[in-house]
Each structure stands twice: as structure tokens, then as C-alpha cells.
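S.K.: Please read through the structure below; I'll follow up with questions.
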Amino acid sequence: MRVAVGMSGGVDSSVTALLLKEQGHDVIRVTLRFHTVEACEVNETHNVCCSPKDVQDASRVAKRLGIPHLVFSWEEIFKSKVIDYFVEEYKRGRTPNPCALCNREVKTGFFARYLKQVADIDKLATGHYAKIEEDKKYGLVIKRPKDRKRDQTYFLSLVRREDLELLTFPLGAYTKEEVREIAKRYGLEVAQKRDSQEVCFLMGKSPGEYLEGILGKQRGLIKHVSGKVLGEHEGVYRYTIGQRRGLGISYGKPVYVIDIDAKTNTLIVGEEEYLYNDKLLVKEINFHVPLEKWENVSAQIRYRHKPVPVERIEKTEEGFLVKFKEDVRGITPGQVVAFYDGDVLLGGGIIEESVK
């Protein structure tokens with residue numbers, strides 16, 4: 001089988017290539033460059049997966065394994081599909097998840113179809129901690145990995161169902177410690193390389209700092225849910241639902257961001273009780289499994305949140321209304337909601353709003 005391995009220069013993708021080569025597959029390594037070389041060189045001190053050193057690491061590992069290494073410069077595609085979306089969502093007072101969108105529109109689903117055409121691959125493999133398996137009940141699906149601490153299925157919930165047959169995630173059967181041990185055993189230089197922890201195009205900046213450089217300061221009011229004005233902010237794009245720190249106001253007791261009104265440039269804050277709700281609206285769901293087959297459904301509204309049992313999902317004129325069996329804290333417009341039956345990823349969508 002001819003397999004392309006998406007390569008960032010880190011230990012995960014390096015071991016992915018190694019495992020596939022050991023299994024006897026025809027392996028090529030492919031690296032997507034999303035940023036200009038100049039930008040990456042200026043910010044090489046930050047732990048992001050784009051620098052010239054990362055590309056060099058990828059090339060060294062490919063040479064060590066005796067496989068070809070191709071580099072694609074997709075700066076414009078990445079900007080139009082991910083960065084522009086990121087900026088527009090924040091302008092609307094929402095909190096997007098650029099990594100989930102990138103997996104769908106650029107480096108996983110879209111890239112697999114592109115490589116199928118230009119390189120005649122059978123599969124695209126990445127270093128994601130997830131599994132793609134044939135499930136007796138649901139068919140071909142993504143499942144949670146062995147290493148639950150590294151579980152990346154949430155970020156894959158927007159990948160199109162038709163792209164799953166082109167993808168494979170070999171690391172789903174390993175823990176991170178086992179992956180590093182394999183790299184060490186085979187003498188790969190990247191065995192102890194640090195993981196990339198940041199949104200790559202932010203280059204070490206916070207979202208607020210990055211967006212201020214594009215949008216400038218946009219001062220507006222901070223209001224309590226009661227209507228009382230408590231202070232001013234320098235841009236609603238600096239805040240997300242549930243945020244407490246950095247508000248710069250004094251109220252006598254803790255208050256959190258409850259809502260963001262981008263039209264009036266107003267930040268709404270209130271006590272923690274206002275963060276809880278049991279319903280959300282999703283305009284569209286990306287189905288890995290048809291809705292009528294879903295059973296024992298739980299939903300995860302942020303990457304580090306635990307899944308919460310779902311009571312029902314109703315199709316409405318506005319989209320899909322999701323009703324939880326209990327109140328959920330911090331439902332955030334723009335974030336991804338991923339749906340599961342146990343370990344099986346059923347699908348996902350982008351939260352439109354919290355519904356009272």
C-alpha cells in the first residue's frame with residue numbers, strides 16, 4: 001500500500017512513518033508549510049510546528065528511514081481556509097477552534113484527497129492519537145486512542161465522513177511514552193523533541209495579542225447582566241465565555257464572561273451561575289454516522305472537557321438543538337461540539353449558541 005505520512009518534524013509523525021515502513025508499505029513523507037520562512041525564522045524560539053528546523057528534522061528522519069520527502073508550500077490555502085476564518089469568528093464575538101477546521105479543510109481530509117490525485121496514494125497517515133476502525137454497529141469510524149491523555153478525536157470531528165477511508169492513524173494503538181521509546185530504540189534524533197503546544201500561526205502570541213495586531217484596539221463597555229456598567233475593555237476578541245482573569249474590573253465578588261455582544265462591542269459579565277445551561281444549537285452536524293443510528297450519545301464542548309450525556313437531539317429550522325441531561329458550564333459559540341457513543345466518534349459541529 002502506498003502511504004503518505006503528514007510530517008511536521010516531530011516524534012509522532014516520525015514514528016508513524018517508521019511503523020508503516022516496518023509493516024512493508026511504500027511510504028513517502030509530506031510536509032505542509034503554512035507560513036513564510038521569514039516569519040518562522042523570526043519566531044523559531046516558540047514551540048510551533050512550522051520552522052525551517054522542523055522541515056530539516058523531517059528531512060533527516062526521511063533520509064534515515066530511506067523514504068522520499070516532499071514539501072508543499074500552502075501559505076495561501078492555509079490563510080484563506082483557517083486564518084481568515086479565525087479572525088472573522090473573533091470579530092463576531094465567537095471563539096473558534098482553528099485546529100479542528102484545519103484538519104477538515106487543509107492538512108487531513110483535503111490533503112488526503114489532493115495527494116490521491118497528485119501522488120496516487122492509498123492512504124494519508126498522520127501522528128494523531130486516534131484510531132480508524134471498522135465497528136460492528138457503526139461501520140468505519142474514528143475511535144478514541146489507547147492514550148486517553150493524548151486523545152485527539154475531538155479535533156477530528158469535523159473531518160468529512162467520505163475522507164475516513166483515505167486516512168490512517170497508527171499511533172492510536174500506542175501511548176506517548178511508547179512512541180518516544182520506539183523513536184529512541186531506532187536512534188531517531190527527534191525522540192525527545194518537545195511537542196508543539198500552540199496554535200501554529202500565533203507564533204507565541206495570545207489570540208488577543210495576535211488579533212490586536214490585525215484589528216487594533218476596539219474599546220467598549222463591560223456590563224453586568226443586570227445592565228450596570230462596570231468598566232471598559234480594549235476589544236471583545238480578547239475574551240471568551242467563562243473567562244475570569246484579565247477583566248480589569250472590581251465587583252466585590254468573582255464575575256465571568258457570560259456573553260459577548262459583538263454588534264454593540266459589549267462584554268457581558270456575571271456570577272458563575274450564569275455560565276450553566278443545558279441546551280445548545282448547532283447549525284450543521286458533520287455526521288460520521290447517520291443520526292438515526294446514534295445511541296448512548298454524549299457530547300464534548302471543549303477539548304479538555306469531559307463528555308456530558310445527551311438527552312435528545314432535535315432537528316429544527318435553525319439546525320440541531322442538543323439537550324443535555326444536566327447543566328453544562330461554559331457553552332461557547334464558535335467552539336466545536338463532538339458527539340460520542342463511548343469510544344466511537346459519531347460526528348461534530350460548530351456551536352452556534354447556548355439556548356435558554
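Every residue gets a Cβ built from N, Cα and C, even glycine.
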S.K.: According to Swiss-Prot, Gly6, Met7, Ser8, Gly9, Gly10, Val11, Asp12, Ser13, Leu32 bind ATP; which one of Gly109, Gly127, Gly139, Gly172 is annotated to that same site?
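M.R.: It is Gly127, as the record lists it for that site.
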S.K.: Out of the recorded positions Cys102, Cys200, Gln335, give me the one sitting nearest to Ser8 (ATP binding site) by CA distance.
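M.R.: Considering only the listed recorded positions, the nearest one is Cys200.
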S.K.: Among the binding-site residues Gly6, Gly10, which residue has its Cβ surrounded by the fewest other Cβ atoms within 10 Å?
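M.R.: Counting other Cβ atoms within 10 Å of each of the binding-site residues Gly6, Gly10 gives the minimum at Gly10.
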S.K.: Helix, strand or coil by DSSP: which one applies to Asp12 (ATP binding site)?
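M.R.: Reduced to three states, the DSSP call for Asp12 (ATP binding site) is helix.
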S.K.: Measuring Cα to Cα, how many angstrom lie between Gly10 (ATP binding site) and Gln335 (site 'Interaction with tRNA')?
M.R.: 27
